[in-house]
Amino acid sequence: FQGGDTCEYLLSSGRFLGEKVWQPHSCMMHKYKNSEAKNCLIDKHVVFIGDSRIRQLFYSFIKLINPQVKEEGIKHGNIPFEDKSASIKVDFLWYPEVNGSMRQRIKSWTEGSVAKPHIIVVGAATWSIKIHNGSNEALAQYKINITSIAPLLEKLAISSDVYWVLQDPVYEDMLSESRKMITNEKINAYNEAAVRILNSSSRNSKAKVKVFSVSKLIAQETIMKSADGLHLPESSRDTNAMILMNVYCNKIMKPIDGSCCQPQPPLTLIQKIAFCFFTLSIIGYLIISLIHRNNYRKNKSCSDLESGEEKKPSISTPNVSTLEMLLHCFCKLGLIMTYFYLCDRANLFMKENKFYTHSSFFIPIVYILVLGVFYTENTKETKVLNREQTDEWKGWMQLVILIYHISGASTFLPVYMHIRVLVAAYLFQTGYGHFSYFWVKGDFGVYRVCQVLFRLNFLVVVLCIVMDRPYQFYYFVPLVTVWFMIIYATLAVWPQIVQKKANGNCLWHFGLLLKLICLLTCIYFLSYSQGAFEKIFSFWPLSKCFELNGNVYEWWFRWKLDRYVVFHGMLFAFIYLALQKRQMISEGKGDPLFSNRVSNVLLFISIVSFLTYSIWASSCKNKTECNELHPSVSVVQILAFILIRNIPGYVRSVYSSFFAWFGKISLELFICQYHIWLAADTKGILVLIPGYPMFNVLVSTFIFVCVAHEISQITNDLAQIVVPKDNSTLLKRLLCIAGFFSGLHFFSAMQDQSRH
């Protein structure tokens with residue numbers, strides 16, 4: 001709203017999410033690991049100057065570098081710390097009062113002969129209050145002393161990061177008799193003096209001493225848990241140390257989930273070209289619209305006075321209408337991509353960390369379930385996994401996944417394991433749907449392949465350009481794309497076996513099963529041979545698509561996690577279509593899928609299997625071990641759900657139009673959430689309306705769903721233009737697309753060279 005520096009917000013304001021999670025105002029705070037802290041502070045010298053409270057902060061800070069450090073040493077003396085592996089020096093200097101001694105030490109760093117520390121953290125006052133029994137004379141002397149030190153700190157702030165830590169409030173009821181004079185009223189007076197005097201003489205914004213006032217807010221919430229009423233509990237001082245680390249390191253390390261203190265990334269060459277393209281599209285569309293409007297006015301139908309007939313306006317040529325439609329799509333897409341960029345690349349809107357509670361996940365789940373049941377309608381057909389039913393399935397799964405992401409429920413292992421099944425179910429549908437199409441239709445033409453690839457990848461390619469992200473970052477789209485190509489290759493290679501051919505000779509069924517066994521063998525081999533997998537996808541140009549952070553490990557992990565489920569989908573489709581062809585199942589309206597006895601037995605087994613999997617997933621203790629079992633057992637719950645949903649005829653005959661509507665745009669919803677619903681590449685939450693979390697979610701969700709729906713329409717419109725049915729025209733378009741990606745690769749190489 002104010003366009004202020006997020007560093008100022010990080011140092012001065014925020015609130016607690018729950019009991020221990022601190023949320024800075026307007027930005028996200030990264031939780032630094034030891035290795036990250038060392039990389040940031042390599043060859044750095046950090047100095048903490050002050051009293052016992054600053055000593056506490058010193059210990060919390062060095063524990064971020066080395067957690068094994070114990071709080072030992074002279075209480076009222078200097079304490080050195082050094083990490084030789086990273087050449088990091090952190091010193092605590094005991095100066096409990098702002099006086100001549102402290103001034104002399106600070107002055108020594110301003111003189112040329114002594115090396116200046118890179119980070120200086122200063123703060124003191126409670127000793128002055130205690131020693132002088134809270135007298136007004138002590139406060140007056142404190143003002144004089146800090147006035148003499150302020151110019152020296154400002155001078156140091158030109159080349160170093162200097163932080164003045166304001167005094168935290170105390171819990172007066174717990175203070176010992178010797179500290180009773182330290183009151184919150186006195187502390188506030190000392191803090192006001194420090195804030196008023198510091199930076200009063202500085203006109204250079206780079207020479208400002210940063211006032212660390214956020215610790216006061218943290219202390220107000222947690223000082224009641226203090227052991228003595230004066231010193232903060234360990235969790236609070238650890239939060240202060242983490243804030244300090246974010247203030248200094250975020251601009252160096254640039255963590256995705258640490259938006260505080262990070263400058264806006266500069267526009268890349270490809271982003272600038274995309275901006276120019278969308279701008280020209282908008283201008284072109286406006287010009288054509290004005291021309292058409294003028295032509296329409298000139299040729300507007302008018303009544304023939306003699307005959308009374310109405311003259312029809314002239315019809316535009318097809319070429320013009322196609323061009324107008326193309327420009328119209330790119331015009332809308334350009335405006336939408338501008339919104340994407342403003343939400344997640346420009347520092348325009350606020351971002352916040354996620355915080356999981358059971359209510360934040362389960363209450364919305366119950367709410368959408370009630371809505372879904374309310375919008376129940378009859379299906380047009382009653383086949384197993386008919387179009388309306390699969391759209392419904394995709395829809396409710398996508399809504400659950402969205403709630404899972406925004407609530408941060410990945411930290412709760414039982415929920416994580418169930419969400420993994422939902423992702424697997426999407427891939428199961430990929431195997432089922434594409435196998436069914438190729439098996440029944442026998443259409444292996446280039447047009448079909450290009451249509452599917454375009455619809456899957458169009459939005460992701462545009463986002464890779466506009467948001468400057470690698471293709472593998474949107475991992476689900478590469479996953480379904482590769483599996484589609486595997487399904488196509490499996491069925492299209494010689495001998496091509498389709499249902500029509502297999503009906504003439506049953507041996508062809510065995511031929512298809514042999515193909516599926518070969519596919520399963522390849523999957524099994526690659527899943528246990530990481531080296532072979534990485535070699536395949538490390539060849540250019542595949543490496544450009546599947547590398548993330550310089551390697552393809554992430555891609556191997558994602559592929560391996562659901563490696564068998566697409567095969568299971570293909571096998572299920574084969575068995576189902578074979579049973580359907582031999583009329584071994586009943587798909588009439590209201591009829592059970594099998595005989596009553598068989599249906600009841602299968603339904604009972606399905607319910608037991610479904611619940612057994614949920615019990616197992618809920619009892620998971622180790623994510624790694626459960627992920628190892630997941631590829632083999634996830635199909636149990638998927639098949640159980642399909643049978644429960646389809647065996648009873650009355651259940652198969654209805655569907656939720658509410659869920660089905662979302663299912664039709666499920667891919668767009670999954671991809672768009674990265675940048676315009678969540679924030680910082682899904683690590684946080686986008687805040688359009690600060691201070692009102694529920695209202696913010698409602699507004700951002702409405703915009704997010706509208707944008708996803710609009711992008712779905714744009715993709716469908718462009719697919720008709722870019723991928724025509726005529727083979728010769730399609731070949732020309734494919735050559736143009738190849739040229740586009742060649743140019744993209746050329747500019748990408750230029751970008752990489754300029755960065756290095």
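Heads up, the Cβ atoms here are built off N, Cα and C, so glycines get one too.
Among the features that TrEMBL reports, domain 'NXPE C-terminal' is placed at 22-72.
For the domain 'Cas1p 10 TM acyl transferase' (253-734), the predicted model reports an average pLDDT of 92. The feature domain 'Cas1p 10 TM acyl transferase' is assigned by TrEMBL to 253-734.
The transmembrane segment annotation in TrEMBL covers 269-291 (among others). Below 8 angstroms of C-beta separation, residues 320, 323-324, 327-328, 330-331, 333-335, 337-338, 465-466, 468, 744, 747-748, 750-751, 754 of the same chain, each at least six residues beyond the ends of the transmembrane segment (269-291), sit close to that stretch.
Annotation source TrEMBL lists transmembrane segment at 325-343 (among others). Within the chain, the transmembrane segment (325-343) has long-range Cβ neighbours (under 8 A, six or more residues past its boundaries) at 274, 277-279, 281-282, 284-286, 288, 349, 462-463, 466-467, 675-676, 679, 686, 703, 707, 710-711, 714, 717-718, 721.
Taken from TrEMBL, the feature transmembrane segment applies to 355-375 (among others). Using a Cβ-Cβ cut-off under 8 Å and counting only residues 6 or more beyond its ends in the same chain, the transmembrane segment (355-375) has close neighbours at 17-18, 21, 23, 395-396, 399-400, 403-404, 407-409, 411-412, 415, 656-659.
The transmembrane segment annotation in TrEMBL covers 396-417 (among others).
What TrEMBL lists as transmembrane segment is 452-468 (among others).
Per TrEMBL, transmembrane segment is recorded for 474-494 (among others).
According to TrEMBL, the transmembrane segment annotation covers 506-526 (among others).
The transmembrane segment annotation in TrEMBL covers 561-579 (among others). Note on the transmembrane segment (561-579): residues 384-385, 420, 423-425, 427-433, 435-436, 439-440, 479, 483, 486-487, 490, 499, 509, 512-513, 516, 519-520, 523, 526-527, 585, 627, 630-632, 634-635, 638-639, 642 of its chain, located 6 or more positions outside it, place their CB under 8 angstroms from a CB of the stretch.
Nonlocal intrachain contacts for the transmembrane segment (600-617), taken as residues 6+ away from its ends with a CB within less than 8 angstroms of a stretch CB, comprise 414, 417-418, 421, 594, 626, 633, 636-637, 639-641, 643-644, 647-648. Among the features that TrEMBL reports, transmembrane segment is placed at 600-617 (among others).
Marked as transmembrane segment by TrEMBL: 659-679 (among others).
Below 8 angstroms of C-beta separation, residues 1, 25-26, 336, 339, 343-344, 349-354, 406, 665, 668-669, 672-673, 676-679 of the same chain, each at least six residues beyond the ends of the transmembrane segment (685-709), sit close to that stretch. Among the features that TrEMBL reports, transmembrane segment is placed at 685-709 (among others).
The feature transmembrane segment is assigned by TrEMBL to 730-750 (among others).
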Exercise for the section: Run the contact check on the transmembrane segment (474-494) against the transmembrane segment (396-417): 3 or more C-beta pairs under 8 Å, excluding pairs closer than 6 in sequence. Expected result: no
Problem - Sequence-remote partners of the transmembrane segment (396-417) [C-beta within less than 8 Å, at least six residues beyond its ends] - result: 354-358, 360-361, 364-365, 368-369, 372, 423, 425-426, 617-621, 623, 626, 630, 656, 659, 662-663, 666, 669-670, 673, 677-678, 682, 685, 697
Completion exercise
The recorded stretch from 506-526, 659-679, 730-750 sharing the largest number of CB pairs under 8 A with the transmembrane segment (452-468) is 659-679
Practice task
Go through the chain and flag residues at least 6 beyond the ends of the transmembrane segment (506-526) whose CB is under 8 A from any CB in it; none is fine as an answer.
Solution key: 486, 490-491, 495, 497, 532-533, 536, 563-564, 567, 570-571, 574, 578
Fill in the blank from the handout: Residue counts for the domain 'NXPE C-terminal' (22-72) under DSSP, helix then strand then coil, are 22 helix, 9 strand, 20 coil
